[in-house]
Amino acid sequence: MFEIKESSMEWEGKSLHIKTGEVARQAAGAACVSYGGTVVLAVVTLQKDTAASKKTSDLSGLALVTNFLAKSYALGRIPNGFFKREGKLSEREVLASRVVDRAVRPLIEENLVNEVNIVCKLLAHGNRKVLPEIPALIAASAALQLSGIPFSGPVIGVDVDMRGSEVTCNEIRETEGGLELFVACTEESVVMVEAEASEASEEEVVNALSEALKSAKPVFSFINEFVKSVTTVKPIGVLYDNKELCEKVRAACSGQLESVYNERISSKEKRHNKLGQIYTDTFAQLSDDGYAESEVLFFIKKLEKEIVRKNVLEEGIRPDGRSLTEIRPISIALDYLPGTHGSALFTRGGTQSLVVATLGSYQDEQVMDDIDGERRESVLLHYNFLPYAVGEVGALRAPGRREIGHGRLALKAVKAVLPGKEVFPYTLRLVSEITESDGSSSMATVCGSSLALMDTGVPITKHVAGIAMGLITDGVRSAVLSDISGDEDMLGDMDFKVAGTRNGIVALQMDMKVRGISIATIRDALNQALAGRLHILEKMEHVIAKPRESLKDSAPKILCYKIDKDVVHKVIGSGGKTIRGISSDTSAKIDIDQNNYVYIMADTEEALMEAKTRVDMASGASDSNVPQLKIGELYDGKIVSVVDFGLFVVLPNKQEGLVHISEISKNRVNDIRADYTEGQAVTVRIKDIGSDGKIKLTMRIDEDRVGSGGSSSSPKKRFGAHPRKNGKDNRSNNSERGFNERSGSAEGSSISRKRFF
């Protein structure tokens with residue numbers, strides 16, 4: 001029989017409950033955590049030791065796979081789509097998976113050979129104000145401890161919301177703003193950070209981190225006591241170690257490695273070529289002893305870390321010869337791709353990002369439906385990293401977790417400076433193509449995106465730039481590195497990405513390779529990042545300091561305004577007939593969102609305003625600048641188009657109406673194109689205005705033939721010779737006058753003629 005253990009406590013005003021021994025009992029470890037009505041089951045499985053002990057083909061890193069699965073039933077919903085079943089992980093699930101993975105990975109022994117799987121399954125999400133990652137991380141940490149895997153936990157996740165002096169923990173706010181920060185921490189240090197802010201200061205971030213550590217404190221003893229109560233926990237897993245091989249590798253290549261790193265080679269390619277030759281020679285030297293290449297490389301990399309640490313901590317010199325705070329050379333090219341709405345090429349050292357901005361309409365927004373609810377995203381940022389960026393060959397696959405995570409981080413940074421929909425009603429898509437990579441490509445994406453936005457003419461308030469900070473520590477001494485390269489990321493102890501404006505931080509992400517970092521070290525890293533960020537911003541502002549005054553000709557024209565809720569149905573029409581008709585006639589895209597905002601997009605300004613006029617007509621909106629037409633009254637107009645079935649006439653308020661061929665004269669019109677030409681002035685009466693805004697006109701103004709849409713109180717009067725009498729045009733005097741010039745009404749007439757100019 002399995003023994004069921006459970007325990008509860010109050011944390012930040014909500015009940016925290018943990019249970020094990022009831023479900024998933026064949027796994028290495030399992031824990032079910034409920035926090036504030038949100039329930040997550042975490043299950044840990046481990047590759048069998050017999051298989052792991054023989055595995056020497058890949059020792060490049062911890063073989064850990066973490067998945068966060070959000071089931072629709074947890075939200076009380078049935079999945080959308082034809083099959084009504086959950087498929088591949090959504091973007092939201094991928095991001096949650098990365099959060100848990102990044103928090104636990106540095107606490108598992110890196111030389112563990114066994115493959116480890118962690119599955120966090122969201123079973124219930126009754127309280128939508130609780131971030132699911134909080135119980136997921138607690139459950140995963142507890143399951144790892146219960147499994148017996150060499151894990152230096154527990155690790156606790158805390159969600160901090162700071163707005164001025166007000167601090168809230170583990171409570172999702174309805175409104176955006178302030179500083180929102182998710183922290184994974186041990187009892188003494190910070191392991192992982194994910195944050196976005198409205199230009200927060202470095203000290204505000206430090207204070208929020210301190211609040212997170214303070215909030216998590218009572219949970220550590222609670223989890224530790226719970227794990228101790230389970231008596232079946234036994235150490236499992238195979239830890240790779242080979243002291244004999246370690247010494248052989250040191251003897252074979254230590255001096256050569258030191259020589260390469262002491263050369264301070266700035267070129268990544270040259271440095272890697274020399275290192276590659278050392279790897280090859282060492283493999284050849286030790287292959288006769290029966291060692292696999294992965295085993296030899298495992299100890300070579302450990303030796304490289306020692307050498308780099310020594311150089312940085314003792315001499316303050318980095319592998320490429322830079323000082324600790326030095327930023328790599330930066331070059332910028334704007335309007336890089338002709339024909340696009342906006343583009344920029346940002347290069348920093350060996351890292352290069354080509355960012356392209358594209359503008360679209362409301363129809364182009366992405367509909368999201370996940371654990372955060374259904375919503376529409378009007379700002380998209382897609383990060384693409386193909387093998388050629390690092391000079392490698394490989395299969396081209398769909399965007400992976402890394403690409404999704406980097407894209408979301410850059411999106412957080414960019415959104416902080418974007419205007420609201422009322423100012424800029426476009427859907428915006430940014431695509432970052434990483435064409436070269438030597439570290440910090442996500443921060444290059446932030447810089448390139450800001451430049452591309454200004455090149456497009458998007459009215460962003462200011463530039464935003466990003467920088468990646470690194471850390472080298474031996475447990476006693478530590479050094480913070482600015483603008484880390486790929487080698488420094490791999491051989492170092494921290495990857496701390498900070499994005500912001502001149503006024504403050506807007507996004508940050510921190511990952512550790514050691515078991516946490518102190519608040520004091522984070523403060524030093526943030527202050528050093530500020531200096532680097534200001535340097536990068538200066539370079540960007542030198543190229544373009546403010547957005548272009550207007551969008552490019554290739555960009556679509558969009559108008560957004562709100563209409564009354566009661567007239568939405570008039571604009572849409574029966575079965576969408578009205579709105580489709582306006583769209584078809586004007587070649588404009590028209591949408592109305594759930595908040596009654598009308599979005600009109602067209603290729604030209606003329607088509608845009610024509611569509612707006614038609615929408616206003618359909619809604620019955622009154623505008624002092626756009627006079628309203630009245631059925632039964634006379635207006636001066638000009639023919640803008642002659643077609644087989646009639647004349648299209650533009651009226652004084654710029655709206656167009658149709659004079660059907662049967663409404664031109666009581667006599668038969670044999671050749672309409674011979675008798676009427678574009679630009680010819682005519683007098684028309686409003687016969688009817690349809691619900692879709694279409695205007696029916698008549699030139700038979702001497703007859704009492706007003707349409708059913710209204711009636712005329714005017715007596716049946718003649719207004720001079722009819723324009724078509726005896727086959728001749730008798731309106732030569734009228735045609736010679738300007739479009740806005742008309743003589744007074746004919747004698748005895750009580751019908752008014754409207755002038756709007």
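Each Cβ is built from the backbone N, Cα and C atoms, and glycine gets one as well.
Taken from Swiss-Prot, the feature Mg(2+) binding site covers Asp489, Asp495, and the record attributes it to sequence analysis. Here Swiss-Prot flags 556-615 as domain 'KH', drawing on sequence analysis. What Swiss-Prot records for 632-700 is domain 'S1 motif'. Summarising the annotation, Swiss-Prot assigns region 'Disordered' to 702-757. Positions annotated as compositional bias 'Basic residues' by Swiss-Prot: 715-725. The compositional bias 'Polar residues' annotation in Swiss-Prot covers 732-751.
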Determine the minimum-neighbour residue: among Asp489, Asp495, listed as binding-site residues, which Cβ has the fewest other Cβ atoms within 10 angstroms?
Asp489
Work out, from DSSP, the number of helix, strand and coil residues along the domain 'KH' (556-615).
32 helix, 16 strand, 12 coil
Which residue counts does DSSP yield for the domain 'S1 motif' (632-700) in the helix, strand and coil classes, in that order?
7 helix, 33 strand, 29 coil
For Asp495 (Mg(2+) binding site), which DSSP three-state class applies?
strand
Indicate whether Asp489 (Mg(2+) binding site) is helix, strand or coil by DSSP.
helix
What is the pLDDT of the domain 'S1 motif' (632-700) when averaged and given as a whole number?
86
